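Taken from TrEMBL, the feature active site, proton acceptor covers Asp38. Look at TrEMBL and you will find Asp178 tagged as active site, proton donor. Marked as substrate binding site by TrEMBL: Ser11, His69, Gly145, Phe146, Gly147, Gly148, Asp178, Gly179, Gly180, Gly200, Ser201. Residues annotated as divalent metal cation binding site in TrEMBL: His36, Asp38, His69, Asp178.
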Amino acid sequence: MPDRRVRIGPSILSADFLRLGEQIAEAEAAGADFVHVDVMDGRFVPNISVGLPLVEAVRRATKLPVDVHLMIVEPDRWVERFVAAGADLVTVHVEADPHLHRTLRAIEEAGGQPSVALNPATPIAALEEVFPLVRQVLLMSVNPGFGGQTFIPATLDKIRHVLTALDARNPTCLLEVDGGIKAGNLGRIVAAGADTIVAGSAVFAPDRSIAETMAELRAVTDSVR
Ligand code: DX5
Ligand code: ZN
């Protein structure tokens, strides 16, 4: 575990959309490992964010992997189009899809990397059958829908349990955590076993540069591993 490099990706939900290209370039220059795009439909979550055209624009703006987090009902209807739009990883929520196995296979067949997300209230057992099928597991550490919420501490135990399961079933699978991550709690999250960190409001802060905020997060991950 200590040799697994921690990847940090900004969630552009908290970016300035009028300056998105510049902000992504700044994050890339500051060492971001991927770009996280939150797609919300106003049904699975109580908010609407962005869709396919924005994923296409992000794809053109960066060489970094584009990590698309679908917070939408019926994700199976959309996954191929998100891969075609330029998503490298496509995450679907367990809670949104009764035919998760088929959807994860469809992402892979379209040329994307399948990823599966769990809400804070969803037990890990919901992943049991799909562990071998995914490139990434995403644990939500807030209830999805909004940036800037407070990290739910029970996520730390969940990270440890998923890591144990992955070590047995899919040891190269990425373990991503999303929601409420700041320099102040990042150390505990990484120490618990997360290797892929999403940070929105911590990266796109009103009073500080992206270079500064990324450096602060990186200093924490470097000190833990
Ligand atoms: C929440 C989204 C997150 C969000 C994280 O539903 O999935 O990716 O942008 O924002 P912060 O880091 O501000 O909690
Ligand atoms: Zn997200």
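Placement of Cβ uses the backbone N, Cα and C atoms for every residue, glycine included.
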*Which residues of the same chain, at least 6 positions away in sequence, have a Cβ lying under 8 Å from the Cβ of Ser11 (substrate binding site)?*
His36, Val37, Asp38, His69, Gly147, Asp178, Val198, Ala199, Gly200, Val203
_Cβ under 6 Å from an atom of ligand 2: which of these recorded positions qualify? The list is Gly147, Asp178, Gly180._
Asp178
*Which residue, out of the recorded positions His36, Asp38, Asp178, Ser201, shows the minimum number of other Cβ atoms inside 10 Å of its Cβ in this structure?*
Ser201
*Which residues, sitting 6 or more apart from Gly180 (substrate binding site) on the same chain, put a CB under 8 Å from its CB?*
Ser141, Val142, Gln149, Thr150, Phe151, Ile152
*Counting every protein chain present, what is the number of Cβ atoms, excluding its own, within 10 Å of the Cβ of His69 (divalent metal cation binding site)?*
27
*In the same chain, which residues outside the set Ser11, His69, Gly145, Phe146, Gly147, Gly148, Asp178, Gly179, Gly180, Gly200, Ser201 have their CB within 8 A of the centroid of the CB atoms that define the substrate site?*
Leu13, Ser14, Asp38, Val142, Pro144, Gln149, Val198
_List the residues in the vicinity of the divalent metal cation site, defined as same-chain residues other than His36, Asp38, His69, Asp178 with C-beta within 8 angstroms of the site's C-beta centre._
Ser11, Leu13, Val37, Asp67, Val68, Thr91, Leu138, Val198, Gly200
_Count of other CB atoms lying within 10 Å of the CB belonging to Gly145 (substrate binding site)_ = 19
